[in-house]
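Enquirer: Okay, so TrEMBL annotates it like this:
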BINDING   Asn109, His114, Glu119  oxalate binding site
BINDING   His112, His114, Glu119, His164  Mn(2+) binding site
DISULFID  Cys31-Cys50  disulfide bond
DOMAIN    64-218  domain 'Cupin type-1'
SIGNAL    1-21  signal peptide
Amino acid sequence: MAVGFHITAAILMLAFAIVYASDPSPLQDFCVAIGDADAEANVFVNGKICKDPKVVKPEDFFFQGLNKPGSLSNPLGSNVTQVNVNQIPGLNTLGISLARIDFAPYGLNPPHTHPRATEILVVLEGTLLVGFVTSNPAMNMKNRLFTKVLNPGDVFVFPQGLIHFQFNNGKTNAVAIASLSSQNPGVITIANAVFGSDPPISPAVLTKAFQVDNNVIKYLQSQFWWDNNYP
């Protein structure tokens, strides 16, 4: 009976640890990240190394300019201004970041995932068609799309790791703010990763995966895949 209790407790403790595995909880008031160039090349940590608290400055917790629209001159017609630990070193270990997303009319933040974060988005201006797709379901079932049209003041959540998108389906510019549950959420833009990797994925692999002609794959791999995420 006692052995069973200890096994159950151990399983629960492990499950609790996994739930909070995205960003480590801080063990002090703050852990301001030092720049990669300042770190020893042979030191690796899950996150960034802490700066000596005695030399921390207010600027380590500060970012300026999020009120300014990002450039919309790229073919996607969107711009993501990231504010994570790379812009605010004081976010290190705090498990949160945000981004401003600007859209031209009919601009798109293309299908992508954040491997380390859930995203919650609020629309400030314009109208956005947003959505995410579930992970692979049981056999003979299709991935489910959850989609919604958002107006100013509307909020939508994109669960961690799931493919999602935001599309400005209006005739005016749109602006949204996204908060993410990681100091460094990461982003994988699906088309860029699949068709624009270096070195490229073998066309034989992609032809089989997408069930299309080899020439279609070669055409897609020959395109320049734009990145709309900017620090």
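All residue numbers here begin at 1 and follow the chain in the order shown.
Quick reminder: no glycine exception, Cβ is built from N, Cα and C everywhere.
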Enquirer: Is any of the recorded positions Cys31, Cys50, His164 within 10 Å of His114 (oxalate binding site) (Cα-Cα), and if so, which, in sequence order?
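Expert: The recorded positions passing the 10 Å Cα test are His164.
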Enquirer: With an 8 Å cut-off on Cβ distance to the Asn109, His114, Glu119 Cβ center, who else from the chain surrounds the oxalate site?
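Expert: My list of surrounding residues reads Ala99, His112, Thr113, Ala117, Leu121, Phe158, His164, Gln166, Ala178, Leu180, Pro185, Val187.
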Enquirer: With the Mn(2+) site defined by His112, His114, Glu119, His164, which remaining residues of that chain have Cβ atoms positioned within 8 Å of the Cβ centroid?
Expert: Thr113, Ala117, Phe132, Phe158, Leu162, Ile163, Pro185, Val187
Enquirer: Taking only C-alpha atoms and a 10 A limit, tell me which of Cys31, Cys50, His164 are near Asn109 (oxalate binding site). These are the recorded positions.
Expert: His164
Enquirer: Check the Cα-Cα distances from Cys31 (disulfide bond) to the binding-site residues His112, Glu119, His164 and tell me which is shortest.
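Expert: Nearest listed residue in space: Glu119.
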Enquirer: Within 10 Å of each Cβ, count the other Cβ atoms and name the one among the disulfide-bonded residues Cys31, Cys50 with the highest count.
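Expert: Ranked by Cβ atoms within 10 Å, first place goes to Cys31.
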Enquirer: Between Glu119 (oxalate binding site) and His112 (Mn(2+) binding site), what is the CA-CA distance rounded to a whole number of Å?
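Expert: Rounded to the nearest whole number, the Cα-Cα distance is 12 Å.
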Enquirer: Roughly how many angstrom lie between the C-alpha atoms of His164 (Mn(2+) binding site) and Cys50 (disulfide bond)?
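Expert: One finds 33 Å between the Cα atoms of these residues.
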Enquirer: Quick one: Cα separation, Cys50 (disulfide bond) versus His112 (Mn(2+) binding site), in Å?
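Expert: Cα-Cα, rounded: 30 Å.
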